[in-house]
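Feature annotation from TrEMBL assigns CTP binding site to 279, 289, 325, 339, 343. The domain 'Flavoprotein' annotation in TrEMBL covers 7-172. Per TrEMBL, the feature domain 'DNA/pantothenate metabolism flavoprotein C-terminal' maps to 189-396. Residues annotated as region 'Phosphopantothenoylcysteine decarboxylase' in TrEMBL: 1-191. If you look up TrEMBL, you'll see 192-400 marked as region 'Phosphopantothenate--cysteine ligase'.
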Ligand SMILES: Cc1cc2nc3c(=O)[nH]c(=O)nc-3n(C[C@H](O)[C@H](O)[C@H](O)COP(=O)(O)O)c2cc1C
């Protein structure tokens, strides 16, 4: 998804050694199809020329507060033109000025006159960054609605490794896109619990019963939920990728998963049961490895596990929303409709796992979304992350 295509974006550059990275930011934005203009402080022009940024942005660069084109006062026209303002890099000085409402040059006056989405990426020496005044000003900007792109730990111009380095421009753009989308999303601050992966039911200390679930659909849902503004806890049996803003709790058995879901669901808004929970577990887990000597065959006695989706579906309050998955190899729609009712889910995602191109372990999926009293909605074959975004969107429409 490209969040910058056809957007009017003002890049503000201030006097930091990291100013050269603003040239890369401008070039990336142009590649994404954005209309870009640049405004610079006078200190910024000590580090990078207005000429470079003018060529890259395909526009004039604003440096003079009193500049006028015909009768138009430029800083006001630019302030209103911008959909988004990126202050990259931001000096301690400029942060202080903006946080305290100072507007004494082209840059600060333009920022003051604009109601665009505002993004700021501080870049400075670690001691400067830790200065209480700078920290106070950054917090103030956050409270005023600025999106702060935190500096990274890295090699500083001073010749040592510390926090203060400007992240790479592409990282700034991707963090901004995700966080702005989340801000505007319907599931803002909703608490979402997602389970992922197949459970493992122990037979003895070295063996267990499991299934073919890879956890990929649950991971994609966690990412899509974060993009939709939710606070996400992922309860997983499989190693999960690092997803910004997702807490991960690892479990192994259905019983452990249920215990975690139960305790987290008390304060949650939404539960999405994407894990493949084993229906049965061995009645008795052998305390030592079962040996084959002396027995031709082996009978395992199994007992039923708790049905997590059904338990949560029956215990939810009217302010909570429960989503289940039905992975079936035959009679998919009939089973799915029945599951939606008997488990008292608010939404059921039906998944044909007999197809080799969808479902377990695959990177793609095609699903049908069932909601009580609404027409089922079937998707085409799409990457799991796109499927997850569709599901989150539908949850947002149905629940929020
Ligand atoms: C070589 C050099 C590098 C600098 N790098 C930074 C920096 O990375 N971050 C910062 O906040 N200030 C840095 N400064 C200090 C600012 O340039 C100075 O505070 C200036 O007044 C900022 O002006 P401006 O905020 O209007 O751009 C640097 C100064 C020099 C001379």
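Every residue, even glycine, has its Cβ placed from backbone N, Cα and C.
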In the chain carrying residue 343 (CTP binding site), residues 6 or more apart in sequence that have Cβ under 8 angstroms from it:
307, 309, 310, 313, 314, 322, 324
Taken over the domain 'Flavoprotein' (7-172), the model's mean pLDDT:
94
Return the residues near residue 325 (CTP binding site), defined as same-chain residues 6+ apart in sequence whose C-beta is under 8 angstroms from its C-beta, sorted by sequence, else 'none'.
217, 273, 274, 348, 349, 350, 351
Out of 289, 339, which of the binding-site residues is least crowded by other Cβ atoms within 10 Å?
289
Among 279, 289, 325, 339, 343, listed as contacts of CTP, what is the widest Cα spread in Å, to the nearest whole number?
37
May I ask which residues of the same chain, at least 6 positions away in sequence, place their Cβ under 8 angstroms from the Cβ of residue 279 (CTP binding site)?
304, 305
In DSSP terms, helix, strand or coil for residue 325 (CTP binding site)?
strand
